[in-house]
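Notes for the one structure printed next.
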C-alpha cells in the first residue's frame, strides 16, 4: 500500500493572502496575518467576478486587522512613554530649592496631533519646516 501513497500527486496548497508587518525603528515584534482564499472553480466571468469580490473583501479585512494591531501597539508605546516620562519626572525632582523647576516651569508643553501620530505610526517622519 505504501507504493500507492507515493504515486499520488501532492495536494495543491490553498491560495492565501498574506501580509507581514515589520518595523526596524521599534522594538515591536513583526506580525503576519494570513487569509485563505478559494480560487475560482471555473474560468467563466461570474466565477472570476466572485473571486475578485472575495479577494477585495479579504484585503479590506486584512487592512482592518493591521490597523487594529498597529493601533494597539501605538497605545502600548504611548503608555510606556508616559510611564517613562512619569518615572523621569519623579526621579529628577529630589531635593532642590524648589525654585525654577516646578511643575509649570521646567516642563515643556507638547501638543500631539493624535490623527497624525496614528497615520504615521511606525514610519520615520521628516519634520517639515513651517
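Cβ coordinates come from backbone N, Cα and C, glycine included.
The compositional bias 'Low complexity' annotation in TrEMBL covers 1-43.
Marked as region 'Disordered' by TrEMBL: 1-49 (among others).
Sequence annotations record features per position, and here TrEMBL assigns compositional bias 'Basic and acidic residues' to 71-83. Within the compositional bias 'Basic and acidic residues' (71-83), the DSSP-based counts of helix, strand and coil residues read 13 helix, 0 strand, 0 coil.
The region 'Disordered' annotation in TrEMBL covers 71-130 (among others).
Annotation comment: TrEMBL describes 112-130 as compositional bias 'Acidic residues'.
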Next item on the list: Go through the chain and flag residues at least 6 beyond the ends of the compositional bias 'Basic and acidic residues' (71-83) whose CB is under 8 A from any CB in it; none is fine as an answer.
Entry: 26, 28, 117-118, 121-122
